[in-house]
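Engineer: This is the structure, below, for whatever I ask next.
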2 protein chains.
Amino acid sequence: MVNYFSSDFKLGILGGGQLGKMLLTETQKFDIYTCVLDAAKDAPCANICDEFHVGSLLDFDTVYNFGKQVNTLTIEIENVNVDALEKLEHEGIKVYPSSKTIRIIQNKAKQKLFYVDHNIPTAEFSRFAYSDEIKTAINHESIGFPFVWKSAQFGYDGTGVKIVRTQADLDTLPNVECITEKLIPFKNELAVIVSRNVNGDLKTYPVVEMEFHPEANQVEYVICPARISEDVTKKAEGIALKVAEAFKHVGLLAVELFLTENDEILVNEVAPRPHNSGHYSIEASYTSQFEQHIRAILNLPLGDTSSKVCGVMVNLVGDENYTGNVVYENMESILKMDGVTPHIYGKKVTKPFRKMGHVTIVHKDINEARKVAETVKNTIRVISS
Amino acid sequence: MVNYFSSDFKLGILGGGQLGKMLLTETQKFDIYTCVLDAAKDAPCANICDEFHVGSLLDFDTVYNFGKQVNTLTIEIENVNVDALEKLEHEGIKVYPSSKTIRIIQNKAKQKLFYVDHNIPTAEFSRFAYSDEIKTAINHESIGFPFVWKSAQFGYDGTGVKIVRTQADLDTLPNVECITEKLIPFKNELAVIVSRNVNGDLKTYPVVEMEFHPEANQVEYVICPARISEDVTKKAEGIALKVAEAFKHVGLLAVELFLTENDEILVNEVAPRPHNSGHYSIEASYTSQFEQHIRAILNLPLGDTSSKVCGVMVNLVGDENYTGNVVYENMESILKMDGVTPHIYGKKVTKPFRKMGHVTIVHKDINEARKVAETVKNTIRVISS
């Protein structure tokens, strides 16, 4: 086998943001040589990898030329040039996740059709080449208000997702390829991270519970383990495994799920990489999701996904009233609390709801952890100087 | 207060080896701007800090000029130019640990006298300006064989320490300033890491048990918690705290202790920095020793030093029969074992007994962890290609 733990092996990462940064913690631990590509010269990964390359993740030549220099290529964000990845695969570069998987996931319409084709439960949807066509569908009463509108391409962190209740809402939508989904009243949003290595070995992380920020449509708390019944847990894990196997995925696959009011589980969407819903694992799990992603794409044995302690994660997002050089107000107060670990991503400028970091709270008792998490949330503020 | 979490603050680290590398994992997590000085351009820290400077840690001008650019300066190794640190302190740079403390610890004779002055129990010793003078002492029967010889200066990782049993052994000693110690039959070697911040807040890590490699005089296993009585634990913690307070130490102080056959505790020596005996804390503790060192020197609240799970650490030292480009044999076999985390320091060349990395084994049951640690030890080999 290749000796990953020597400089004759190079790992490439597309994207130098916070997920890349947390992956680098693990490559540093294993002394794996890393090359990172990002469009921003001051990206969080810029100073902490072996080679940092500045360039667009969406430009064919940039991604192709970057990929040619490495042995194995992975991503920390899905919005990359997939044609370049496909060419690299044909030329023998190991690309995980595969271009095929990323191509499906990049487009929400394709992603939904994939679920249908593989008998994976998901919310009813309609597909439109342009948002304009939704109006016709409404006139023919094939769909009705309210519904969820999702841009097919480049949705990320809740951008490109809107709840449409009225004709007026409808008129504000960009006229792009999109899907509409039935607005499902759900009890709970859950997520399961599945890890699968090149051999096809599979391990799932515990089911987590997600609480969303009402306005920003971003996760506010991730709670591990989810406070749900054994039956629901089994059902959620089963569906997540089915999705990972359908993709023949290599690496981590974060599967976001809705738990409906009648305990039905529907796949919302997936991310083929380490995910916000797994950040708690750095402090709480025997193997962090970032280490597990590295193990999976290098075809190493998968680590233990169980937890040492319970964990709750709080996202640190920019206060909606501040834009400018970031300041973390009351950082010292949260550092006084036991089991509290802040992660600061290193973005210089804060904007309303921008993900600037996260805080993990661990405790032997999940309810205690959840209480402390609320105090953390109400104490620290991400503002500007 | 200074906003550590912004680029207007610079932390300097003297030494870019494995301890520096593990400190950088924490500064990355907190997004603290770091400058590292090391003599080796390919030191483990070279590519993972904000500014890497190449130069001698023992040269006054190099250390002084490096230190002038930072706000707070710390060390990962004691063998640095202390005069430069003293000048930097006078010019308002925060230096933790202080030049005074490092000066005492750098010289084993001074260190032993410090313990005597502060009524800290330590093995009986004699001090010599030159090893030659030991012969006279033997002729006058003020000391006798066997005894432990320690070079006063620049002892590190067991270098500069010899057990002298015969006149022949005595003749092989370098003729330098040194101390001799009574050879004490001890049951056990223990260590306690004490953390103290600028405010003087104190927290101790649990007492750990150390097992040494017979030939290399390097730690082979570190076991947390130590399998000792409650009384011995209390006594060890009390003595460690007394040492840290005597130094008015800021940062981490690793206190190495002997447990004698009659359950007496003697201070062997101390290290004013993160220490091999605390590596287990990365996986096992609520707050790793490296994060705690950063918290202490930045005068942040100290983190919880208790453990999530039990931990055993195994040093990965170069096989005595190999010198050359390092290869980690059977790495995949140990990655198959639950709760096993290798740390590879990134030194390109292995030498007999050179510290190349370590492996942490965590488990809810300390005896299980110890068993797995032995399997790890007997499985992985550090050889050359």
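Every residue gets a Cβ built from N, Cα and C, even glycine.
What TrEMBL says about a protein is an automatic prediction, not a curated fact.
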Engineer: Record says B:Lys108, B:Glu181, B:Lys182, B:Leu183, B:Ile184, B:Glu189, B:Asn268, B:Glu269 bind ATP. Source is TrEMBL. Which of B:Lys150, B:Lys234, B:Lys235 does it list for that same site?
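Structural biologist: As annotated by TrEMBL, B:Lys108, B:Glu181, B:Lys182, B:Leu183, B:Ile184, B:Glu189, B:Asn268, B:Glu269 share the ATP site with B:Lys150, chosen from B:Lys150, B:Lys234, B:Lys235.
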Engineer: Can you count the other CB atoms that lie within 10 A of the CB of B:Lys108 (ATP binding site)?
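Structural biologist: Its Cβ shell of radius 10 Å holds 24 other Cβ atoms.
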Engineer: What kind of secondary structure is B:Leu183 (ATP binding site) part of, going by DSSP in three states?
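Structural biologist: Note: B:Leu183 (ATP binding site) is coil by DSSP, not helix or strand.
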Engineer: Can you tell me whether DSSP puts B:Lys108 (ATP binding site) in helix, strand or coil?
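Structural biologist: Where B:Lys108 (ATP binding site) sits, the three-state DSSP reduction gives helix.
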Engineer: Check each residue in the chain of B:Glu181 (ATP binding site) that is at least six apart in sequence and keep those whose C-beta is under 8 Å from its C-beta; list them in sequence order.
Structural biologist: B:Ala123, B:Glu124, B:Phe125, B:Phe147, B:Val148, B:Lys150
